[in-house]
Each structure stands twice: as C-alpha cells, then as structure tokens.
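Sequence annotations record features per position, and here TrEMBL assigns ATP binding site to G136, Q137, T138, G139, A140, G141, K142, T143. What TrEMBL lists as domain 'Kinesin motor' is 53-359. Annotation source TrEMBL lists region 'Disordered' at 338-359.
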Amino acid sequence: MWSCPPTVLRVPHQIGQAIEEVNSNNQELLRKYRRELQLRKKCHNELVRLKGNIRVIARVRPVTKEDGEGPEATNAVTFDPDDDSIIHLLHKGKPVSFELDKVFSPRASQQDVFQEVQALITSCIDGFNVCIFAYGQTGAGKTYTMEGTPENPGINQRALQLLFSEVQEKASDWEFTITVSAAEIYNEALRDLLGQEPQEKLEIRLCPDGSGQLYVPGLTEFRVQSVDDINKVFEFGHTNRTTEFTNLNEHSSRSHALLIVTGHVPFRNSKLTYLLQDSLSGDSKTLMVVQVSPVEKNTSETLYSLKFAERVRSVELGPGARRAELGSWSSQEHLEVGGWHRPAGGTSRSGAGGRVWEG
Ligand SMILES: Nc1ncnc2c1ncn2[C@@H]1O[C@H](COP(=O)(O)OP(=O)(O)OP(=O)(O)O)[C@@H](O)[C@H]1O
C-alpha cells in the first residue's frame, strides 16, 4: 500500500481553484467587453449624429476665360498640403482661413467629388432622407457640380446610376419603385418643370396625414426604371427651365433648381420594417457643397459663402437646430438641390416631395 504525498493531494484542489479564478476573470472580462461595446456603439451613434447629419464641403472651380485678365482675375485661394479640410483666402491683402469637412481644389474631378457623396446615396437606400445641395455665388460652379456635362456628369447623374445599380443588386429580395420630380423656385414661385402647365404656380402644404412633412400637391412624379428614363426626364425639365427666359443671367441669379427622387420600399415587405417605419423615416442627412470662385474680384462673395459654410458646420446641436440655421437663408441665395428621400410611411406615395425644401 502506498500513499500520495500531501503536495500531490493538493493539486486537484489547486487546479480547481485556478479554473475558478480563470472563469471569474473571464466573466469579468466579458462584462467589461460588453460594457465597452455598448459605450463604443453609443459613441459611434453620437459621432454619426454630430458629424453625419450635415456635412459641409467646398469646391473651388478653376479660373476660366470668363474671369478675364489682369489683377482682378488673379488667384486668391490656396490650400493646405497637409490638411484637406483647410482653405485659405486672400481678401483685400489679408489672409483668412476656414475649416470645413473637406476642400476640393480645382484639380478635383467629378468622380473625386462624388466619392465624398457616395455614402449618402447608400444611406438613402437604408431609409434616410438625403438632401444634397450646392451653394455659392453666380458662376461659382453649382451647376457644374450638380449636373455636370454629358461627357463628365455631376452628382445628380452619378448618384442616380449608383442608386439604380444598388437597387438592382437588391431586386431579388426587395421591391422598389423610384420616382422623380423636378421643380424650380423662381422669384418665390414654385413651378413644376415636368408638368403640362409649367407656368402654373404650385403651393407647398403640410401633409394631411399629420406626419408634419411638407408636400407639393399636384407636383408631377414620373416613375423611372433606368438611368435612360431619368435622362429623358432631365432633358424635358431642362427645356421647361431654359426656354422660359431670354435673360439667362437674370434667370440664374433668382432661381433654385430642385431634383427630387423618391428611393420607395413598401414597408409591408417586412414585419420588422413595418413596425419600425417611424424610426426608419425619422432622420435625414444633408450635404452642402459650397462652391468657390478662385479669383480676386470675387473674394467678397467668397468670404461671405465660406463664413456661412463654417457657421452651418459649427452648429452641433442636432438636426433640428441645423435646419433652423439653414432656414435663415434669404430667398435670393443661389442653390442647386438634389433630394433623395422616401415617403412618410406605409405604401402610400402621397406626401412625398416636401422635405427637400427644409434644407
Ligand atoms: N470644376 C470645374 N471644372 C471645370 N469647369 C468648371 C468647374 N466648375 C465650374 N466650371 C465652369 O465655370 C462656369 C460657371 O459654372 P456654373 O455654370 O456651374 O456656375 P453656377 O454656380 O451654376 O452659376 P449660376 O448661379 O449663374 O447658374 C461654367 O462655364 C462651368 O463649366
């Protein structure tokens, strides 16, 4: 007969204790991990809320022939090689700097600018209302950025192409309809660019469903199935816009063009989205592109635009407050607007159309 030495007898007990300790450490780590995870999620949401609801970027156009020659046409805008959110302006011999979310120099391509916008279009498919607009003095490049040229299209075209390709990818799981409307606000009168009676003035009304959203009764909506369809709609809208006026400069300086795309998923497709429809429709994202002329003779206007852009960007109190800030524009400001949004809920399409104007 033999007996274990006491140290050997203690081993199972020690192993048990060690396992217990490891278990309890694991539990503690798991608890800390979950707490950190919650915190990270909360911080991320907060960051998205503060940073994502309105972003302000600047785009400086190249010097063009129309800028003329001489000291008035010299370049007054410079950039920071180490920080692409800074823009420097030389105004009456005094240097002034501004910080925005991103600054594009005249060398930036349409694709470079669109890359900055791309995530917003995806957000639209995810259920956010999206408003993208260009702001700036006449001739600063708003139309070029939003519409572009047939060879080098701007945000509107690229966004729609992306929208269609994303929708087609999801087509087997989701049912989508996309409709477009185009309107012009000229001298405070709202006109339907796609309607039979483009001269007729339309009204902006509060949606009768009590959602608090705005809409435009009678605004024509075309259901579109491809980018080609959209191009036809654009062309039609453009004709209605430009043939009306002989003095294009006067026209341009008093008019705001709006393209409204509605990215509609019937909520009934999923019980979850049906149940959550209010939450899914309850937020919106906005991108402001402040357009900048680079030349000396425009520096007073440029200074004004950049100051305004910085002010919009600095309001961090949430979407409501930012909208209030945006709402302080005078009607004479120059805008090109593209709005991508989805209707207020359910399967009804009535009520679509208004939120774009809130920005
Ligand atoms: N990034 C750019 N690259 C090349 N050309 C540009 C760029 N931005 C603007 N331009 C050119 O500058 C001129 C003025 O631009 P645009 O018509 O877009 O200005 P706008 O702000 O829409 O003016 P308005 O308010 O009078 O309608 C146009 O000839 C346009 O092609």
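Glycine is treated like the rest: Cβ placed from N, Cα and C.
Positions of TrEMBL features highlighted on the structure.
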residue: G136; record: ATP binding site; CB count, 10 Å: 30
residue: Q137; record: ATP binding site; CB count, 10 Å: 19
residue: T138; record: ATP binding site; CB count, 10 Å: 13
residue: G139; record: ATP binding site; CB count, 10 Å: 21
residue: A140; record: ATP binding site; CB count, 10 Å: 24
residue: G141; record: ATP binding site; CB count, 10 Å: 22
residue: K142; record: ATP binding site; CB count, 10 Å: 27
residue: T143; record: ATP binding site; CB count, 10 Å: 16
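Proximity of the binding-site residues Q137, T138, G141, K142 to ligand 1, judged by a Cβ distance under 6 angstroms to any of its atoms, singles out T138, G141, K142 in sequence order.
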